[in-house]
Amino acid sequence: MILMPMASVVAVAEPKWVSVWGRFLWMTLLSMALGSLLALLLPLGAVEEQCLAVLRGFHLLRSKLDRAQHVVTKCTSPSTELSVTSRDAGLLTVKTKASPAGKLEAKAALNQALEMKRQGKRGKAHKLFLHALKMDPGFVDALNELGIFSEEDKDIIQADYLYTRALTISPFHEKALINRDRTLPLVEEIDQRYFSVLDSKVRKVMSIPKGSSALRRVMEETYYHHIYHTVAIEGNTLTLAEIRHILETRYAVPGKSLEEQNEVIGMHAAMKYINSTLVSRIGSVTIDHMLEIHRRVLGYVDPVEAGRFRRTQVLVGHHIPPHPRDVEKQMQEFTQWLNSEDAMNLHPVEFAALAHYKLVYIHPFIDGNGRTSRLLMNLILMQAGYPPITIRKEQRSEYYHVLEVANEGDVRPFIRFIAKCTEVTLDTLLLATTEYSAALPEAQPNHSGFKETLPVRP
């Protein structure tokens, strides 16, 4: 593009009336013009080199950030430690960025909310708090004030979640730090008490005779329901009856997607592999075990990608998983954690939930990550004496929301969600064998008077 004017200058026809002096003057002017153009082009070349250097620098920085697993912003409790990379904190900042007009409206709404609260009009105040956060999701003062408001309503878990979210955005916010120091011990107490309730129910389930026909029937139904819900979460449209037909008869359902039916067969194969090979196995869970699970999950749908790590970058909602070249390294680190003493000392539900989250965070496969993560979670639960649990398709929105909250820095809502699913499974088994359901301990309401709710999206 730059050379085109030069070509046109050279191609100008010389007038016939030009004298020798005129020819000399013409050549002098042409030399000056070429010299000026070269003087202009040389800096442009330098600028181009600088641009390329900057791009190379960005590429190098991106690579370093992808590998910077130890440069972290931690948002943890002593019982549940999860590190979030600085890159992910940046993604959160981008996500919560509001327009200048939105920020002004958020501040006005917060001031009105505080005034309504002062006047005792708590219903209006709550709506205004939520409106402020809708206008500016990263408004730390609004998060902190809504946390105080929730704490006054004795919704300690919600308050602690809001303080934690504020600190994820602004780690040195003084008021949020003070408030979270107050709520954290209370929340840990609530969580541990809930785990104790689950342990009590597990002991009741384990006391049911293995030959119980009622238990056998409900476990069989649970098996079909688990496959139905875990593929439905991913968008599979087969009904429970159709899934039962496929697995019992080995015949395809006419008029239905063969790919969806192969997803069901793959889940069935993966669950058989876990039940027959891994549950009773003594020893570490390895990368090969996870690859074998995935090979069965995806093997009937995409045999080329089944059982192998992805080779392309993917985007999952607001989350950017690790670069493909870092997947194997992160899976090795994940496996080390999976078999570490720290992980083994966690409560089984907490351990299983964290394993699920960490695997889906890495997103090591091109497809089938959610199904594989849920299977790994159930493997850990079964090895600890818990029954496999089911996340129902009706819970899909809540499930994805708490995963997103975990990506933002607080994994505890996801752990509580898995704990709630675990309790539903245990209650189902106990109620199906009614003689063992007497005097079940209740997790809610708890004796402290605190509400035990999952955080809601403002």
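Here, residue 1 is simply the first one shown, and the rest follow in order.
Glycine is no exception: its Cβ is also placed from the backbone N, Cα and C atoms.
Computed from a predicted structure; not experimentally measured.
Taken together, the residues in the topological domain 'Cytoplasmic' (1-23) have a mean pLDDT of 40 on the 0 to 100 scale. Residues or ranges marked as topological domain 'Cytoplasmic' by Swiss-Prot on the basis of similarity to another entry: 1-23.
The transmembrane segment annotation in Swiss-Prot covers 24-44 and rests on sequence analysis.
Per Swiss-Prot, the feature topological domain 'Lumenal' maps to 45-458.
Swiss-Prot lists 106-139 with the feature repeat 'TPR 1'. In terms of DSSP secondary structure, the repeat 'TPR 1' (106-139) contains 27 helix, 0 strand, 7 coil.
Among the features that Swiss-Prot reports, repeat 'TPR 2' is placed at 140-173.
Residues annotated as motif 'Inhibitory (S/T)XXXE(G/N) motif' in Swiss-Prot: 230-235. The residues of the motif 'Inhibitory (S/T)XXXE(G/N) motif' (230-235), classed with DSSP into helix (H, G, I), strand (E, B) and coil, number 3 helix, 0 strand, 3 coil.
According to Swiss-Prot, the site 'Important for autoinhibition of adenylyltransferase activity' annotation covers Glu234. Take the CB of Glu234 (site 'Important for autoinhibition of adenylyltransferase activity') and look out to 10 A: across all protein chains shown you find 15 other CB atoms.
As annotated by Swiss-Prot, ATP binding site applies to Glu234, 316-319, 367-374, 399-400, Asn407, with the evidence given as similarity to another entry. There are 14 other Cβ atoms within 10 Å of the Cβ belonging to Tyr400 (ATP binding site).
Annotation source Swiss-Prot lists domain 'Fido' at 285-420.
Of all the binding-site residues listed (Gly317, Gly368, Gly370), Gly317 has the fewest other CB atoms within 10 A of its CB. Within the same chain, the residues at least 6 positions away from Arg374 (ATP binding site) whose Cβ sits under 8 Å from its Cβ are Thr230, His356, Ile391, listed in sequence order. If one looks beyond the motif 'Inhibitory (S/T)XXXE(G/N) motif' (230-235) by at least 6 residues along the same chain, the residues whose Cβ comes under 8 Å of a Cβ in the stretch are 243, 260, 263-264, 267, 370-371, 374, 390-391, 393, 396, 399. It is 8 Å from the Cα atom of Gly370 (ATP binding site) to that of Glu234 (site 'Important for autoinhibition of adenylyltransferase activity'). In this structure, the CA atom of Glu234 (site 'Important for autoinhibition of adenylyltransferase activity') is 14 Å away from the CA atom of Gly317 (ATP binding site).
The secondary structure of His319 (ATP binding site), as reduced to three states from DSSP, is extended strand.
Taking the Cβ of Thr372 (ATP binding site) as centre and 10 Å as the limit, one finds 24 other Cβ atoms among all the protein chains shown.
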